[in-house]
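Participant: This is the structure I have questions about; it appears just below.
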Amino acid sequence: MAIDRRREAGGGGRPLPEENGSVPGAGGGGAAAPPGPPAAGSAGAEIQAVPVPSPPAAACSPLLLDYDGSVLPFLGGLGGRYQRALVLLTWVPALFIGFSKFSDSFLLDQPDFWCREADGQGNWSVSLAPGHSNRSDNGSIFPLPGLPTPAGGNASECDCHEWHYRIRAGLVQNVVSKWDLVCDSAWKVHIAKFSLLVGLIFGHLITGCIADWVGRRPVLLFSVIFILIFGLTVALSVNVTMFSTLRFFEGFCLAGIVLSLYALRIELCPPGHRFMITMAASFIEMAGQFLMPGLAALCRDWQVLQAIIICPFLLMLLYWVIFPESLRWLMATQQFEASKELILQFTHKNRMNTESDIKGVVPELEKEITRRPKKVCIVKVVGTRNLWKNILVLCVNSLTGYGIHHCFAKSMMGHEAKMAITHNFYADYYTMAGIALASCLAMCPVVGFLGRRGGLLLFMILTALASLLQLGLLNLIGKYSQLPDSGMSDSVKDKFSTAFSIVGMFSSHAVGSLSVFFCAEITPTVIRGGGLGLVLASAGFGRLTAPIMELHNQKGYFLHHVIFACCTLICIICILLLPESKNQNLPENIPDGEHYTRQPLLPHKKGEQPLLLTNSELKDYSGLHDSAAVSDGISENTTANGMKSM
């Protein structure tokens, strides 16, 4: 009877193959053969088998896909000695990364310069008398005390055969003084700054996709090898073109190190420790920023400084032996054979008893060990409904945060030009570093209390307020200061501008950093590298606006600030659409990332019915129709939910 029903369902009395693939023959109970020529060499007309698509592979065990709930507790979380050692190994390179990221401030700093003129006997003029110079906007000093003022304007001032430099960044010689990148060649300095940032952008995009396909560990190790090659070759550059080209590849490799370490750090931690461990790495990176001036003062020469910055990466070659692949990524991509070996390595290092596997992780792993790996590319996110929107919102947030940060920095330094602090390179440098440190310190309690989405929203509101007040209120103050008896002066405007700039730099730095971390949490493990690459590349585009504005001599600065101020308002609305990932398990695959729901910003009151469902309240009805169609044991008068039909 079951075969007859299947024939009728097939249509036209056409026989269907049995489960073992055989087809009833001509003498098998009166089965009619379909029209068609008989097979050659057969005694009678044989019926050709009709191909039927194989049933879909059984879903993977949910126990293995619940990494934070089953696998990580089995390994001891962060209580294991091996896990703590791996987290420490992800922290140590952050110091070297800090050196490399802020090296441009020293290698490409624009020094004070003037022309060394010879008298009739071939003797060169005396050096600069400090404290009495007239410093122009481009860093040059014209004229020197006791020297004749050259006639003819800027063209005659730049008509010089030999320059004398005074470098403020603690070096005796840097890239600018090495190849005389002043006057008509000053634009090459900005191109050299472009090269590192553009290399970082392309590196984040490409290495992120590679990390999702081949793993985090190979990307990390190969990036270390090539940054040693390109970074040390930078110190041997013979001209600025070679320097800029090699800096591009150095930035590309540095991006691979940053991205792979970030992903490894996130994937090692349980939900309650992810943020603080990430912030600890940020503090170590800022320690490199604070130590950089002392390192430059010790090296004295830019080539020695470049070599000293790159040489510590030699220690990371040992990671080939001591650092494993991300177990979470192996489990998410269903590479269960490699996962089993790594789990045994974890248990051996932590001196754990494998017989205490209460949840049965290892037995379930052995059942699925023959399953083929399932790797995913970031392109798959285009077909999702919610995930691509979340990543796009965070990309715009990081772009806006790092882009408007330069607007505030330029505004503050521009108004400080009337103060003596501008002539002190270290005061400017440590002011910027101190604001970044204060921003990271403030992020810890704010994100701990308000969560990821609430903290990001608060810092974005502060950024928007600082930007709008600086653009609108200061213009109003400027108009009133022109009126007689107004009681306002330019000094009042400068103080307000400095205050708004400090608040804006403080909050915009937090917006950029928190957007990257937020993206790492809501992006599934199978595409976390690609998602991180997108948001880090967006942050790189934001940083790229600084040398672009400098290259155009700050033309269009006001419009640049207005555009980013409008973006902050758009971002405030879009942040409300993001889910909250605080104390949530990391999504392992794309369906998990889609199940992140937008929760209310404030928790609902006791006894109040929430308007939005949480993850635990979602139900999956995808198997209802499949179970009703496959089950032959259910009678025809029984519905899918088990109730008798009337």
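Heads up, the Cβ atoms here are built off N, Cα and C, so glycines get one too.
Not my notes, these are from TrEMBL:
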{"type": "DOMAIN", "residues": "90-582", "note": "domain 'Major facilitator superfamily (MFS) profile'"}
{"type": "REGION", "residues": "1-44", "note": "region 'Disordered'"}
{"type": "TRANSMEM", "residues": "194-214", "note": "transmembrane segment"}
{"type": "TRANSMEM", "residues": "219-240", "note": "transmembrane segment"}
{"type": "TRANSMEM", "residues": "246-264", "note": "transmembrane segment"}
{"type": "TRANSMEM", "residues": "304-323", "note": "transmembrane segment"}
{"type": "TRANSMEM", "residues": "429-450", "note": "transmembrane segment"}
{"type": "TRANSMEM", "residues": "456-477", "note": "transmembrane segment"}
{"type": "TRANSMEM", "residues": "498-520", "note": "transmembrane segment"}
{"type": "TRANSMEM", "residues": "526-546", "note": "transmembrane segment"}
{"type": "TRANSMEM", "residues": "558-578", "note": "transmembrane segment"}
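If you look at the structure here, what lies around each of the features I listed?
Facilitator: Within its own chain, the transmembrane segment (194-214) has Cβ neighbours under 8 Å at 104, 223, 244-245, 247-256, 258-260, 263, 375-378, 526-534, 536-537, 540-541, 543-544, 547, counting only residues six or more beyond its boundaries.
Panel annotation: around the transmembrane segment (219-240), residues 100, 175, 179, 181, 188, 192, 207, 210-211, 246-247, 249-250, 253-257, 259-261, 264, 303-304, 306-307, 309-311, 313-314, 316-317, 319-320, 323, 529 of the same chain, lying at least six beyond its termini, place a Cβ under 8 Å from a Cβ of the stretch.
Through the fold, the transmembrane segment (456-477) approaches residues 397, 400-401, 404, 407-408, 411, 443, 446, 450, 488, 492-493, 496-497, 500-501, 503-504, 506-508, 510-511, 514-515, 518, 558, 561-562, 564-565, 568-569, 571-572, 575-576, 578, 601 of its own chain, all at least 6 residues removed from its boundaries and within a Cβ separation under 8 Å.
The list of residues near the transmembrane segment (498-520) in space but at least 6 beyond its ends in sequence, with Cβ under 8 angstroms from a Cβ of it, reads 262-263, 266, 275, 278, 282, 390-391, 394-395, 397-398, 400-402, 404-405, 407-409, 411-412, 415-416, 432, 435-436, 438-440, 442-443, 446-447, 452-453, 455-456, 459-460, 462-463, 465-467, 469-470, 474, 528, 531-532, 534-536, 539, 542, 578, 581.
Within the chain, the transmembrane segment (526-546) has long-range Cβ neighbours (under 8 A, six or more residues past its boundaries) at 193-194, 197-198, 200-202, 204-212, 216, 219, 255, 258-260, 262-263, 266-267, 329, 332-333, 374-378, 380-381, 391, 394-396, 398-406, 409-410, 512, 515-516, 519-520, 560, 588-590.
Same-chain neighbours of the transmembrane segment (558-578): 389-390, 393-394, 396-397, 399-400, 403-404, 407, 411, 453, 456-457, 460-461, 463-464, 467-468, 470-471, 518, 522, 545, 549, 598, 601, counting only residues six or more beyond its ends whose CB sits under 8 Å from a CB of the stretch.
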Participant: Let me know the model's mean pLDDT on the domain 'Major facilitator superfamily (MFS) profile' (90-582).
Facilitator: 82
Participant: Other than its close neighbours in sequence, what residues sit by the transmembrane segment (304-323), given a CB gap under 8 Å and a spacing of at least six beyond its ends?
Facilitator: 86, 89, 92-93, 95-96, 99-100, 103, 106-107, 171, 217, 220-221, 224-225, 227-228, 231-232, 234-235, 257, 295-296
